[in-house]
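Q: Structure provided below as structure tokens; questions to follow.
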Amino acid sequence: MGSTKTLVTCFLVIILAVSLPNNNVLASDARIEGFSFDNCNIRCSEDYWNDECNKDCLRAGFQKGGQCGSPCIPCPVKCCCQK
């Protein structure tokens, strides 16, 4: 009887552990409204991200600054200046 309880408890713990980490991410082709990919030039990296991108776009005369973005999942992430 004791081994049956242990076996059932282990089985339930395994089922619970397997069901918890549900990290499925569904990608969609939804566009961010008001975000333009027309002026994307510099490739973003660990050292060059949103702060640097925004500053460079403001210096270049883009009123809304800029942000790193990509129009598709396999596409490279670039600094996109916004008008």
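Cβ coordinates come from backbone N, Cα and C, glycine included.
Feature list, courtesy of Swiss-Prot:
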DISULFID  Cys40-Cys81  disulfide bond
DISULFID  Cys44-Cys68  disulfide bond
DISULFID  Cys53-Cys79  disulfide bond
DISULFID  Cys57-Cys80  disulfide bond
SIGNAL    1-27  signal peptide
Q: Which ones in the same chain are close to Cys80 (disulfide bond), with CB under 8 Å and 6+ residues apart in sequence?
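A: Set apart from Cys80 (disulfide bond) by at least 6 residues yet with Cβ under 8 Å, we have Phe35, Ser36, Phe37, Asp38, Asn39, Cys40, Cys53, Gly66, Gln67, Cys68, Gly69.
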Q: For Cys57 (disulfide bond), which of the listed disulfide-bonded residues (Cys44, Cys79, Cys81) have their CA atom within 10 A of its CA?
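A: The disulfide-bonded residues close to Cys57 (disulfide bond) (Cα within 10 Å), listed in sequence order, are Cys79, Cys81.
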Q: According to DSSP, does Cys44 (disulfide bond) fall in a helix, a strand, or coil?
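A: Assignment for Cys44 (disulfide bond) reads coil.
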Q: Between the Cα atoms of Cys44 (disulfide bond) and Cys79 (disulfide bond), find the distance and write it as a whole number of Å.
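A: Approximately 6 Å lies between the Cα of Cys44 (disulfide bond) and that of Cys79 (disulfide bond).
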Q: State the three-class DSSP label for Cys68 (disulfide bond), counting H, G and I as helix, E and B as strand, and everything else as coil.
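A: Once the DSSP labels are grouped into three classes, Cys68 (disulfide bond) ends up as strand.
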